[in-house]
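One structure is given below, encoded as structure tokens.
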Amino acid sequence: MGLSDGEWQLVLNIWGKVEADLAGHGQDVLIRLFKGHPETLEKFDKFKHLKTEAEMKASEDLKKHGNTVLTALGGILKKKGHHEAELKPLAQSHATKHKIPIKYLEFISEAIIHVLHSRHPGDFGADAQAAMNKALELFRKDIAAKYKELGFHG
């Protein structure tokens, strides 16, 4: 399940491009998530009123939250699987406060892959996509284990 050094390098190479515009990438990821899986929008009280893509694109709050999401994910990815300290508070808040099901983390992972491929097609080929998928799967597996420890079966 772990990633090789080469796979981590592919993940971190593309992540460097994401960090050049975290808010923009994050906004695109959330829009893709909400459009593809409208039920996920119900978990976000401050975004429920956003019904169209144009409204989502115009929302500074959505952009800020996208930045927050991808900043946290970047911190986790940079740990190359040694992310226990970063994962614990994230799992705690997502399990007990926000009640985000693991399925929704799968949905946002799909959105991340889609956005990276659409924004960086020349830098996010099959090998990089496979490596990122593997890294996101590792993240989901580890957060699911934390959820279980917390008694959340989402």
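Note: Cβ is positioned from N, Cα and C throughout, glycine not excepted.
The Cβ of His65 (O2 binding site) lies under 8 Å from the Cβ of Gly26, Leu30, Phe44, Phe47, each of these being in the same chain and 6 or more residues away along the sequence. According to Swiss-Prot, the O2 binding site annotation covers His65.
According to Swiss-Prot, the nitrite binding site annotation covers His65, on the basis of similarity to another entry. DSSP assigns His65 (O2 binding site) to a helix in the three-state reduction.
Following the DSSP three-state reduction, the secondary structure of His94 (heme b binding site) is helix. Using a 10 Å Cβ-Cβ cutoff, His94 (heme b binding site) registers 22 neighbours. Swiss-Prot lists His94 with the feature heme b binding site, giving similarity to another entry as the kind of evidence.
Positions annotated as domain 'Globin' by Swiss-Prot, on the basis of sequence analysis: 2-148. In the predicted model, the domain 'Globin' (2-148) shows an average pLDDT of 96.
The number of other CB atoms found within 10 A of the CB of Ser4 (phosphoserine), across every protein chain shown, is 10. Annotated phosphoserine per Swiss-Prot: Ser4, in sequence order, evidence recorded as similarity to another entry.
Residues or ranges marked as phosphothreonine in Swiss-Prot (evidence: similarity to another entry): Thr68. Long-range Cβ neighbours of Thr68 (phosphothreonine) (same chain, at least 6 residues apart, Cβ-Cβ under 8 Å): Gly26.
DSSP assigns Ser4 (phosphoserine) to coil in the three-state reduction, placing it in neither a helix nor a strand.
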